[in-house]
């Protein structure tokens with residue numbers, strides 16, 4: 001009935017070079033040539049200026065930055081004898097950190113330039129196709145109007161994209177690159193150079209000297225993440241059910257009391273709890289005065305007590321948030337299902353097991369996965385409450401309650417082993433990403449979306 005328009009396949013760039021006119025062919029060498037030939041002055045100037053600027057930078061700095069990236073410097077800072085003065089003078093050496101940073105930036109600039117070069121060829125191909133169809137090329141005014149109409153999304157995304165490249169992609173690539181170097185406390189620039197070591201750091205962490213620290217810390221991190229997530233979820237749902245019980249008065253007041261923990265900044269709450277729970281704190285002093293204990297309980301100084309303490313304190317912080325979400329779900333449950341269950345003779349536990357809890361779990365499963373990943377990276381609770389302590393002489397740079405993320409902090413700030421910290425960061429990302437994808441794709445929320 002209806003004849004669909006048949007779109008001819010676009011020319012490849014090789015075919016474009018063979019079939020195009022002189023201006024089109026020149027676009028492969030001089031960016032913007034096809035635009036100038038079709039009186040698209042502004043676009044042509046932008047392409048040409050970009051190419052000239054890139055070539056100037058590449059010849060003056062880019063080649064050096066890329067070439068030095070292979071060795072990260074050869075001249076080390078130190079004292080050398082000045083034959084003319086007859087005294088030792090300080091020789092400025094190469095800075096491996098800056099060489100790595102500028103080298104990665106140079107690669108990103110080259111990739112961006114390649115994208116712009118392809119955009120130049122696509123523009124030349126578009127103009128060639130218009131010419132083949134006998135249609136006029138868009139004017140500069142029409143191109144500018146398109147940036148505010150059908151291509152407005154590209155206009156809006158330009159500055160954010162540059163920001164992502166500068167403040168996200170560049171630091172991320174820099175951090176990943178450090179994992180493949182020997183940038184540690186023995187190789188600190190600018191005094192010392194560091195160089196590439198391949199996968200040696202990963203071997204050290206997974207099957208070397210650091211394995212004795214990594215796997216115990218990993219085990220505690222996963223244990224903490226599971227317990228912190230499960231306890232907050234279970235008791236949050238239980239608290240929401242208790243507050244929503246029929247006949248309970250002042251429900252709003254009870255919710256407000258429990259939500260007060262969310263109103264106080266976590267930073268302040270954790271520091272207050274740290275003072276309350278220390279050996280000479282009010283809690284131990286009160287228990288001793290009442291005669292319940294003879295000596296102070298080592299809430300923060302004994303490894304086992306410290307782990308129990310951080311889990312309990314995390315419950316105090318996390319349960320109210322789960323309670324609020326669960327309350328919203330419970331109040332929006334279909335009453336007809338619950339009434340039908342009552343008519344069929346179901347008791348409160350059966351209603352909770354077969355109606356209430358499955359629907360709460362269905363809605364909250366994605367949030368639980370997110371909360372689990374958040375607990376793997378829960379820096380505040382551990383750092384502010386125990387500081388990763390108590391110290392453990394069997395671990396390198398980590399305490400008994402340190403998570404991978406707080407160990408990463410210690411490796412960066414205290415021991416200055418940036419290469420190991422980078423490896424830990426990569427492993428945390430891999431662990432979080434793999435678990436998130438695996439768990440989320442198997443939830444009913446995902447399957448029924």
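Note that Cβ sites are derived from N, Cα and C of the backbone, with glycine treated the same way.
Fair warning: this is a prediction, and the values are worked out from it, not measured in the lab.
According to TrEMBL, the features are:
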- 45-69: transmembrane segment (TRANSMEM)
- 98-119: transmembrane segment (TRANSMEM)
- 154-180: transmembrane segment (TRANSMEM)
- 217-241: transmembrane segment (TRANSMEM)
- 218-439: domain 'ABC transmembrane type-1' (DOMAIN)
- 253-273: transmembrane segment (TRANSMEM)
- 308-330: transmembrane segment (TRANSMEM)
- 351-373: transmembrane segment (TRANSMEM)
- 418-440: transmembrane segment (TRANSMEM)
Outside the transmembrane segment (253-273), six or more residues from its ends: residues with CB under 8 Å to it: 239, 243, 313, 316-317, 319-321, 323-324, 327, 380-381, 384-385
Long-range environment of the transmembrane segment (308-330) - Cβ separation under 8 angstroms, sequence gap at least 6: 224, 227-228, 231-233, 235-237, 239-241, 243-244, 255, 258-259, 261-262, 266, 269-270, 273, 277, 299-300, 356, 359-360, 363-364, 367, 371, 375, 378, 381-382, 385-386, 401
Recorded stretch that, among 98-119, 154-180, 217-241, 351-373, 418-440, has the most CB pairs under 8 Å to the transmembrane segment (45-69): 98-119
Cβ-based contact of the transmembrane segment (418-440) with the transmembrane segment (98-119), 3 or more pairs under 8 Å: no
Ranked first among 98-119, 154-180, 351-373 for CB pairs under 8 angstroms with the transmembrane segment (217-241): 351-373
